[in-house]
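Quick look at what Swiss-Prot annotates:
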- 63-78: disulfide bond (DISULFID)
- 72-90: disulfide bond (DISULFID)
- 92-103: disulfide bond (DISULFID)
- 108-118: disulfide bond (DISULFID)
- 113-131: disulfide bond (DISULFID)
- 133-147: disulfide bond (DISULFID)
- 155-166: disulfide bond (DISULFID)
- 159-175: disulfide bond (DISULFID)
- 177-190: disulfide bond (DISULFID)
- 104-148: domain 'EGF-like 3' (DOMAIN)
- 151-191: domain 'EGF-like 4' (DOMAIN)
- 144: N-linked glycosylation site (CARBOHYD)
- 163: N-linked glycosylation site (CARBOHYD)
- 200: N-linked glycosylation site (CARBOHYD)
- 192: GPI-anchor amidated serine (LIPID)
């Protein structure tokens, strides 16, 4: 076996390990952001992006003649609707099944969690389905570990940017700007409302001056 083949083999193994790696509080979500529920972490994508793996987002496309195999939704791609290959539709990728318009792991098909969602146990190498609850709810041992009782989950997200903190939003934890600050896309940072308002007023003033002199 020559060295180039060995190198290629190990490179492929590293890529597969990265793609299939579990999402933790240390995961960096490409073109997305990390959230936490009661029993797991996951990446959510920025607007206009969809999940292609547990930690990677890509541009979302509409299925048409030029978008075969491209990503049209989380864990889904554009594929031919039938064997006649005349029409493309958005289908779940291998390993996922469609349930209530969402592509879920095969093992989570028909797996009910009540106030939460089915995920694959991040502590197991095998694909074992389990419930992860919305923040404020925890699994109940009396009810097959479904999300049915109130309970607290500590936020362990690493919100390290300046003026950033962990916040509960719509049943999840995520890193967000502290009270009194707002996120500025151009600066990619949380800035104070007062500074944000000053910048906006300055822009409005400059535009008004330009408009005045043109007219």
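Backbone N, Cα and C define each Cβ position, glycine as well.
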- [ ] Using Cβ-Cβ distances, find the residues under 8 Å from residue 131 (disulfide bond) that belong to the same chain and are at least 6 apart in sequence, listing them in sequence order.
- [x] 39, 111, 113, 114, 116, 117, 118, 119, 139, 145, 146, 147
- [ ] State the count of C-beta atoms found within 10 angstroms of the C-beta of residue 175 (disulfide bond), not counting that atom itself.
- [x] 19
TODO: Find the one among the recorded positions 72, 78, 103, 133, 144 whose C-alpha lies closest to that of residue 159 (disulfide bond).
DONE: 133
Task: Candidates 72, 103, 144, 163, namely the recorded positions, that fall within 10 Å of residue 190 (disulfide bond) by Cα distance - done: 163
Task: Integer Å distance between the CA atoms belonging to residue 155 (disulfide bond) and residue 92 (disulfide bond) - done: 31
TODO: Out of 90, 103, 108, 133, point to the one nearest residue 177 (disulfide bond) in space (Cα versus Cα); all of them are disulfide-bonded residues in the record.
DONE: 133
Task: Rounded to the nearest Å - Cα separation of residue 166 (disulfide bond) and residue 133 (disulfide bond) - done: 17
- [ ] Drop a 10 Å sphere on every Cβ of the disulfide-bonded residues 103, 159 and tell me which sphere holds the fewest other Cβ atoms.
- [x] 159
Task: Where residue 147 (disulfide bond) sits in the secondary structure, as DSSP reduces it to three classes - done: strand
Task: Cβ neighbours of residue 90 (disulfide bond) where a neighbour is any other Cβ within 10 Å - done: 20
Task: residue 90 (disulfide bond) versus residue 78 (disulfide bond) - Cα distance in angstrom - done: 5
Task: From recorded positions 108, 133, 163, 175, 192, the one whose Cα lies nearest residue 72 (disulfide bond) - done: 108
Task: Neighbour tally for residue 144 (N-linked glycosylation site), based on other Cβ positions within 10 Å of its Cβ - done: 11
